[in-house]
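**Q** First, the structure itself, so that you have it in front of you.
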Amino acid sequence: SSGGAATAPSPLRWGRWGGSLVDTPHDISPQNGAVPGERGKQDKSVKRGNWGNQIEFVLTSVGYAVGLGNVWRFPYLCYRNGGGAFMFPYFIMLVFCGIPLFFMELSFGQFASQGCLGVWRVSPMFKGVGYGMMVVSTYIGIYYNVVICIAFYYFFVSMTRVLPWTYCSNAWNTPDCTGVLDRNLSSRAALNLTLLNDTQKRTSPSEEYWRRYVLDLSDDIGNLGEVRLPLLGCLGVSWVVVFLCLIKGVKSSGKVVYFTATFPYVVLTILFVRGITLEGALTGIMYYLTPQWDKILDAKVWGDAASQIFYSLGCAWGGLITMASYNKFHNNCYRDSIIISITNCATSVYAGFVIFSILGFMANHLGVDVSNVADHGPGLAFVAYPEALTLLPISPLWSILFFFMLILLGLGTQFCLLETLVTAIVDEVGNEWIIRKKTFVTLGVAVAGFLLGVPLTTQAGIYWLLLMDNYAASFSLVVISCIMCVAIMYVYGHRNYFKDIEMMLGFPPPLFFQICWRFISPAIIFFILVFTVIQYQPISYNDYIYPTWAISIGFLMALSSVICIPIYAIYKVCRSEGDTLLERFKNATKASKDWGPALAEHRSGRYAPAFSPSTESHLEVQPLQPEKGRSEAAAASPMQGSNGSAHSQDSRL
């Protein structure tokens, strides 16, 4: 601190910045976008923990945002919605909706240093939004790890000389099976007829391996059948890996992401270099990129672009708020949000080159159009792409790389989903005991997730997985995000929030983001909601049509997260103080007293503790001047010593 007092022998000293008292090490230097003039602040939460460095946060957020959908959904949406023309609405939605929402959630969690429940001290009536995020993360965490376990299974069975889905000579194959490498085909035309599935019910060996061996698919969602033990074992492996990586929270997962978030790009590059050299690869890439400008006016194209941006970035899951809550208070999350969002979208585009180069090669080999081999979702990851890999030399190697990439992409998202739930529970209880026992909370959540995922490894498991994917995390996310925007911008107040960000970053959010948060982004979210409702079609899987009771369960899952919002709002209003309903409502929406920065040294301005000047001066000076009593007495007296030393020392302090 400025002044003339000698420093104490302790490595810590007391100082004062921004109207609050801080305990500051000598060797602290400004970093992570710290506000000038607050260089000496201790910017770490010892009690709660922080990221080891900023790279860990960025890599974790990239791993969270870049998931399976970037590989198996975006390329399909792109070629179906006009190829290169789809890029235009896609990047428009990124700029006006994706990046602003990403920045809002990061800044929200970082400012309060709380998970998806604790941040709603900003307006306690809306805490149900946090519970809704927890419900959504629970659903996604359950079925997402089942997809990872299937990738684990394919990864293990690929460790062989010949991939098991290469030929039709296996016990699980039917007479209708015809493979791309089978020698009993008389001509290319016969193979074309097989692949086109026009008049004959022919299937590929990869599809039969998927349906008849891996899943042993039942005929109805209600007919669970038996548990597929290989999948159950892989599910256990998947949950053990997730738990071990999160055993010490962000301190351990922050180290793991150096590998899990970067190695998928190495694999993508290897697959792309291999694929681009194959005959027909350029045809597939042109099919992926060739713009069809007539579709640019189609509302469905814009709806798909907005939905893909929204779901791909992981908005309203609670994960972004949770990950940002472990940042240092002055970290430049504005910069991070732009970097992570653009990286996510660039990865989607890049993955399209990898996928369609191989699919173009397979289409050329078969003499069919690329559209006849293109697919999305599980059909791409576990049927179409694995079949294409059988055409490559050393196919097991490429299969191992591909499924290892899927595992890493899935784990990056799964880490954040589990940490979201654990952080919400620990922050909500908040006592010292549960903070010390956080590892056991993580273990408990992982065991519960494993047990809830067991039904998804039965013969009807894929039906339930797709049901959860289509309903549990669809329009409910849009509703949650929209309410979050309204609560922050219009209930808490946009001016208050902009001041909070300025206090945290040293500058207010740019005017563009202010406009997006208040008007444009909520309008786009509402458009996504309307589009989702208009385009709704009952779920089906291949030729299987889901029964009404199953669809009803799907809607109940979607409703279970949204219903948390009004239920908690009613509860909070009833429990709030006030003689009239209006007074209760105002008190329920008013920010609680403990809203604001988590560390005392950051609570400046309107968040500063209510100390009187004399008390504040007393606390500030005491560690520097043990004989404060005599100094204060001398300063208070109208008489001074002959040399005026008491007065000058007090003024200086």
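Just so you know, glycine gets a Cβ as well, placed from its N, Cα and C.
Any TrEMBL annotation is an automated prediction that lacks curation.
Take a look at what TrEMBL says about it:
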{"type": "BINDING", "residues": "Gly63, Ala65, Val66, Asn70, Ser312, Asn344, Leu409", "note": "Na(+) binding site"}
{"type": "COMPBIAS", "residues": "639-653", "note": "compositional bias 'Polar residues'"}
{"type": "DISULFID", "residues": "Cys168-Cys177", "note": "disulfide bond"}
{"type": "REGION", "residues": "1-47", "note": "region 'Disordered'"}
{"type": "REGION", "residues": "608-653", "note": "region 'Disordered'"}
{"type": "TRANSMEM", "residues": "57-75", "note": "transmembrane segment"}
{"type": "TRANSMEM", "residues": "87-108", "note": "transmembrane segment"}
{"type": "TRANSMEM", "residues": "129-156", "note": "transmembrane segment"}
{"type": "TRANSMEM", "residues": "262-289", "note": "transmembrane segment"}
{"type": "TRANSMEM", "residues": "309-326", "note": "transmembrane segment"}
{"type": "TRANSMEM", "residues": "338-363", "note": "transmembrane segment"}
{"type": "TRANSMEM", "residues": "397-418", "note": "transmembrane segment"}
{"type": "TRANSMEM", "residues": "439-465", "note": "transmembrane segment"}
{"type": "TRANSMEM", "residues": "471-491", "note": "transmembrane segment"}
{"type": "TRANSMEM", "residues": "511-534", "note": "transmembrane segment"}
{"type": "TRANSMEM", "residues": "546-571", "note": "transmembrane segment"}
**Q** Residue list, the transmembrane segment (338-363) vs rest of chain: Cβ under 8 Å, 6 or more residues beyond ends.
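**A** For the transmembrane segment (338-363), the far contacts come to 58, 61-62, 65-66, 70-71, 74-75, 78-79, 87, 90-91, 94, 98-99, 102-103, 180, 265, 268, 271-272, 275-276, 278-285, 287-289, 308-309, 312-313, 369-370, 372-374, 380, 384-385, 387-389, 391.
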**Q** Can you list the residues of the same chain, besides Gly63, Ala65, Val66, Asn70, Ser312, Asn344, Leu409, whose Cβ falls within 8 Å of the Na(+) site's Cβ centroid?
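**A** My list of surrounding residues reads Val62, Tyr64, Gly67, Gly69, Gly314, Thr347, Ser348, Gly412, Thr413.
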**Q** Between Asn344 (Na(+) binding site) and Cys177 (disulfide bond), what is the CA-CA distance rounded to a whole number of Å?
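**A** Taking the Cα atoms only, Asn344 (Na(+) binding site) lies 38 Å from Cys177 (disulfide bond).
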**Q** Taking the Cβ of Leu409 (Na(+) binding site) as the centre, count every other Cβ atom within 10 Å, in any protein chain shown.
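**A** The Cβ of Leu409 (Na(+) binding site) has 28 Cβ neighbours within 10 Å.
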**Q** Near Asn70 (Na(+) binding site), which residues of its chain come within a Cβ-Cβ distance under 8 Å, counting only those 6 or more away in sequence?
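**A** In sequence order, the residues whose Cβ lies under 8 Å from that of Asn70 (Na(+) binding site) (at least 6 apart) are Ser312, Asn344, Thr347, Ser348, Ala351, Leu409.
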**Q** Hey, which bits of the same chain come close to the transmembrane segment (129-156), Cβ under 8 Å, at least six residues off its ends?
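**A** Residues packing against the transmembrane segment (129-156) from afar: 68, 115-120, 214, 230-231, 234-235, 237-239, 242, 316-319, 321, 378, 381-382, 386, 399-400, 403-404, 406-407, 410-411, 413-414, 417-418, 420-421, 424, 449, 452-453, 456-457, 461, 464-465, 468-469, 472-473, 476-477, 480, 483-484, 487, 557, 560-562, 564-565, 568.
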**Q** For the transmembrane segment (57-75), could you work out the same-chain residues 6 or more beyond its ends whose Cβ comes under 8 Å from its Cβ atoms?
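**A** The answer is 51, 106, 144, 147, 250, 253-254, 257-258, 260-262, 264, 288, 308, 311-314, 319-320, 323-324, 326-327, 331, 336, 339-341, 343-344, 347-349, 351-352, 354-356, 376-378, 380-381, 405-406, 409-413, 415-416.
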**Q** May I ask you to check whether the transmembrane segment (309-326) and the transmembrane segment (471-491) make contact, with contact taken as at least three Cβ pairs under 8 Å and only pairs 6 or more apart in sequence counted?
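**A** Per Cβ check, the transmembrane segment (309-326) touches the transmembrane segment (471-491).
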**Q** Over all shown protein chains, what is the count of other CB atoms within 10 A of the CB belonging to Cys177 (disulfide bond)?
**A** 22
**Q** Please check if the transmembrane segment (511-534) comes into contact with the transmembrane segment (262-289), where contact means 3 or more CB pairs closer than 8 Å and the residues in each pair are separated by 6 or more positions.
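**A** Checked: the transmembrane segment (511-534) vs the transmembrane segment (262-289), no contact.
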**Q** Could you tell me what the rest of the chain brings near the transmembrane segment (546-571), counting residues at least six beyond its ends with Cβ under 8 Å?
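**A** Distant Cβ neighbours of the transmembrane segment (546-571) are 125-129, 131-133, 135-136, 139, 220-222, 463, 467-468, 470-472, 474-476, 479-480, 483, 538-540, 588.
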**Q** Quick test of the contact rule: Cβ under 8 Å, at least six residues beyond the ends. What residues does that give for the transmembrane segment (471-491)?
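**A** Contacts of the transmembrane segment (471-491) (Cβ under 8 Å, skipping residues fewer than 6 from its ends): 101, 104, 108, 122-123, 126, 129, 132-133, 136, 139-140, 143, 310-311, 315-317, 497, 517-518, 521-522, 525-526, 528-529, 532-533, 539, 554-555, 557-559, 561-562, 565, 589.
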**Q** Whole-number Å distance between the CA of Val66 (Na(+) binding site) and the CA of Cys168 (disulfide bond)?
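**A** Distance between the two Cα atoms comes out at 35 Å.
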**Q** What's the CA to CA span in angstrom from Ala65 (Na(+) binding site) over to Cys177 (disulfide bond)?
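**A** The separation of the Cα atoms works out to 38 Å.
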**Q** About how far apart, in whole Å, are the alpha carbons (Cα) of Cys177 (disulfide bond) and Gly63 (Na(+) binding site)?
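**A** Between the alpha carbons of Cys177 (disulfide bond) and Gly63 (Na(+) binding site) there are 38 Å.
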**Q** Sorted by position, what residues of the same chain at least six away from Gly63 (Na(+) binding site) have a C-beta under 8 A from it?
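**A** Looking at Cβ-Cβ distances below 8 Å from Gly63 (Na(+) binding site), excluding near sequence neighbours, one finds Val257, Thr260, Ala261, Leu409, Leu411, Gly412, Thr413, Phe415, Cys416.
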**Q** Counting across all protein chains shown, how many other Cβ atoms sit within 10 Å of the Cβ of Ala65 (Na(+) binding site)?
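**A** Around the Cβ of Ala65 (Na(+) binding site), 26 other Cβ atoms lie within 10 Å.
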